[in-house]
């Protein structure tokens, strides 16, 4: 037995922030329906809450928020007529399933890839039959984390693919999308999404004798089968397990079921406890792709007990008579599957919610010993919430306490008088729904008053760790997010300013140890990750500008090179872009015209309208080159934005190539050239900048330490401000995110629908100094267009870096549309995020990073939940 009443020594779990609904008098009653909550790999949280109107009509709402901006809530009228019982994100984090107590299932997807614009176009219905369990079909992708190989050089050794079959495959082995649900009457329903958009739905009984299903959960096997666990709610009844096989026969969905071994909770077989816990209140598989281990919780009105069970293959004794009749049987002992209890707790306070980790840590004894030896604790614990308001993190198998959080630590406004604080008499406010983040470093809970709380879960779980080991664990999880494409916001919660420099250096070191092909796949993602890390320390804030600018430069370079077309169809093995790079690398002449004559200029011919439409991007390249060269005399200042480019031969070479391309296009369309304000009318600004840029590039183009630029080059750069007007660059968009402003042990209290005045830090003050002030005219950061102080066009903003861009394109040329297509799903700060194909071999669409702004925003202003007994002030006549 495990005693959860004893807090773990040094357990580390603290509150990051809480977000509440607007307050009004007499609003202390709980929402009248059970809550559902889901956390996606994009760090989007969805949860349910009802609204009651003046005439007592109830609207079932689904609320979606980004953990970085929790106050910016988007509320969806779900059109569910009964209580929503289940919410489930897909693997890409861009689609959401909702199911209700009337058997209706809706599939929500993002409209225009906006995190605050959702639509439901497909769904299914089992009329009048409440849904008790819901899951997307497995896509066959399973990743294993090898903690013991965290020091290996290859990401392929640290994170390997596990052989796992999809629930259903299309022609060629592509996984078929769809969902499976279990109803309260014992039916299993499967809906398949065909590539044509058609939905195939089939419903079958789990067994011949249908019975009431109060609780159910769904898991998947490596062979492509589905396992469903059910309970009728009584601890005196067995927990049943079924194997479900899905197939498509003659364009129709077919479901086959088979009964598997069942179990009785051990607390019911103990004569002293037989009637103490009459109801099974929670039934969960320990992981979606681990059908051999299950967690059960039985409860009374005041207490609970938790048991962990494992399905094992055991030998079946055979009588000697049968061994003599059949020697083959004697050689190989037959086996059966049998449920065995792994661990159980002592009597606990009543459990109100359970949350399971999503980190794919193996739970075999060998792997658990390795995790213990390496002191890697993320993913080993599950969360239990109790009616007394506390939350316990317990080991997934042994159920030993790892960390404890008490709700008494919840923050209160500083100006709230003590006499006005509510008394503790009566039932404690407790979490009714919980979810762990995808790295198990954060937990979200919705309490009985509708308040949302986000907790940090320390990677050490209170165990004393060396600083180097703690950094290694965070680095390992950052690499995991880099490989999978998952958002790493929850990891940033645990990065202290003193860790940033080491983490960035070690992350770059691990990146350079990968193969060239993998480095190319991850090149933009690691820059975005470095930028988010550098925001957390005042010593590295200016690097954020450099990483952000490099992402933009890479995007411009790849887009402009892709516009080049070979003159003949039977092209050699190299593209025009590759030949441009090769020639510019080989020819080190400082005269731009001499470099240009070595190129096949016919490959650079574009339509005149296209060239003119690209002028804003070409202007940015020209301005950036001028700024870099003018800042060369101040290269000793590490705090100056752009400093890292002065020693980056790759980026300088990229700029040099673009200057050549711009020069050629300027001969075709002079009005597309960058505009410089020069003191002399006869000065060739492009030639001057190319000459200085080439000299600087020669100093650092080779691998190894860069040589110092000669004094003549520095002197020429000193003269630039007297020859050309140096532009002021917009280094960073304004961002009002939380993660860089959170302080340890100082939780924030926020309110839905009201942007807070967040406390500043040394890092955020520097960040604000590098961004445009709120009152200044806005700029479209991706199109480089000025929008004015109050834009009239609909805009969207990145939820991570704050980049603003117009929602609808003002351009019609194909080339510019190609540039804009790059930013439909994501922004600079999240470019490359989303499930990808480097290790996980997923080709799912990337999750968006934008929310809509402007006068026609689809954002619904959140209001206080109306599932309360008293009228809201706005509802009173």
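Here, residue 1 is simply the first one shown, and the rest follow in order.
Cβ from N, Cα, C; glycine included.
Listed features, source Swiss-Prot:
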{"type": "COMPBIAS", "residues": "866-877", "note": "compositional bias 'Basic and acidic residues'"}
{"type": "REGION", "residues": "848-877", "note": "region 'Disordered'"}
{"type": "REPEAT", "residues": "21-71", "note": "repeat 'WD 1'"}
{"type": "REPEAT", "residues": "72-119", "note": "repeat 'WD 2'"}
{"type": "REPEAT", "residues": "120-165", "note": "repeat 'WD 3'"}
{"type": "REPEAT", "residues": "166-203", "note": "repeat 'WD 4'"}
{"type": "REPEAT", "residues": "204-257", "note": "repeat 'WD 5'"}
{"type": "REPEAT", "residues": "258-334", "note": "repeat 'WD 6'"}
{"type": "REPEAT", "residues": "335-415", "note": "repeat 'WD 7'"}
{"type": "REPEAT", "residues": "416-460", "note": "repeat 'WD 8'"}
{"type": "REPEAT", "residues": "461-495", "note": "repeat 'WD 9'"}
Sequence-remote contacts (6 or more beyond its ends) of the repeat 'WD 4' (166-203), Cβ cut-off under 8 Å?
86, 88, 97, 99, 103, 105, 107, 122-124, 126, 129-140, 210-214, 216, 218, 220, 224-226, 228, 230, 242, 244, 246-248, 251-255, 257
Per DSSP, how many helix, strand and coil residues does the repeat 'WD 4' (166-203) have?
0 helix, 21 strand, 17 coil
Quick one: mean pLDDT on the repeat 'WD 8' (416-460)?
79
Within the repeat 'WD 6' (258-334), how many residues are helix, strand or coil going by DSSP?
15 helix, 38 strand, 24 coil
Provide the three-state DSSP residue tally for the repeat 'WD 7' (335-415): helix first, then strand, then coil.
13 helix, 34 strand, 34 coil
